[in-house]
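Have a look at the structure below, then the notes.
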Amino acid sequence: MSFRATVLTLYPEMFPGPLGASLAGRGLAEGVWSLEARNIRDHAIDKHRTVDDTPAGGGAGMVLRCDVLAAALDAVADGRPMLAMTPRGKPLTQHRVRELAAGEGAIILCGRFEGFDERIFEARPVEPVSIGDYVLSGGELGAMAMLDACVRLLPGIMGATSSGEEESFEEGLLEYPHYTRPVEWEGRTIPEVLRSGDHAKIAQWRKQRAIEDTRLRRPDLIVRHGGAREAPPSGAQRED
Ligand code: SAH
């Protein structure tokens with residue numbers, strides 16, 4: 001059975017958007033996965049189709065009503081994981097993306113304005129998910145980012161099956177850097193080792209660069225994975 005995504009949003013016209021292009025778009029056209037965007041407003045209960053109200057306790061903005069959100073979720077709930085996009089959520093990881101991609105799909109709730117009435121997280125099994133430590137104006141781009149990450153892992157989406165396995169985060173490290181022709185460009189050459197044809201040396205160089213670049217750019221990843229990562233052999237020089 002294929003991966004089914006249901007997005008609950010106030011802006012269903014945003015979908016498929018970028019998910020309709022490239023790999024994800026082809027997969028959608030070929031039925032490798034499916035996408036349904038539903039309007040939360042269809043579950044409003046008053047004649048003005050109100051979905052939000054002012055924050056209890058005061059303050060700026062509007063809050064999405066829990067009764068409307070629950071009705072929108074209940075209408076599509078079928079055992080797939082239910083996730084809500086919010087900067088207050090647990091940061092999305094490649095590990096969670098892999099779990100989701102291995103399942104039947106996902107139901108994704110997109111916020112707007114100040115976000116959701118908190119009681120929705122108590123009353124329904126909804127997992128709060130953040131795509132990073134910054135604030136978007138709505139959950140739709142977050143949902144798209146998450147779905148894109150899941151869909152590219154589905155069988156039949158990526159050409160070379162191995163290209164999903166060596167990526168950044170798969171081993172708790174950033175991926176090594178890539179190069180392609182021209183060999184020389186603006187006086188800079190592709191590292192010699194990558195042109196040597198010596199696969200063992202290439203693998204060693206890549207591992208070393210993955211560790212070094214992760215140390216420099218994302219020391220938090222090293223810490224998160226235990227910090228005990230083997231350092232490159234002491235005195236080892238970058239061969240680039
Ligand atoms: N007042 C909220 C932010 C609301 S932003 C707060 O400070 O926590 C409006 C909506 O955009 C949110 O409900 C959420 O669905 C989405 N959004 C914003 N930033 C996000 C992020 N980093 N990850 C996931 N969704 C996000």
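A Cβ is built for glycine as well, from the same backbone N, Cα and C atoms used for every other residue.
Caution: TrEMBL annotation is automatic and unverified by curators.
So that you can see what the record holds, here are the features copied from TrEMBL:
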DOMAIN    4-222  domain 'tRNA methyltransferase TRMD/TRM10-type'
BINDING   Gly111, Ile131, Gly132, Asp133, Tyr134, Val135, Leu136  S-adenosyl-L-methionine binding site
REGION    217-240  region 'Disordered'
Under a three-state reading of DSSP, tell me whether Val135 (S-adenosyl-L-methionine binding site) is helix, strand or coil.
coil
Can you give the largest Cα to Cα distance in Å, as a whole number, for the residues Gly111, Ile131, Gly132, Asp133, Tyr134, Val135, Leu136 that bind S-adenosyl-L-methionine in the record?
16
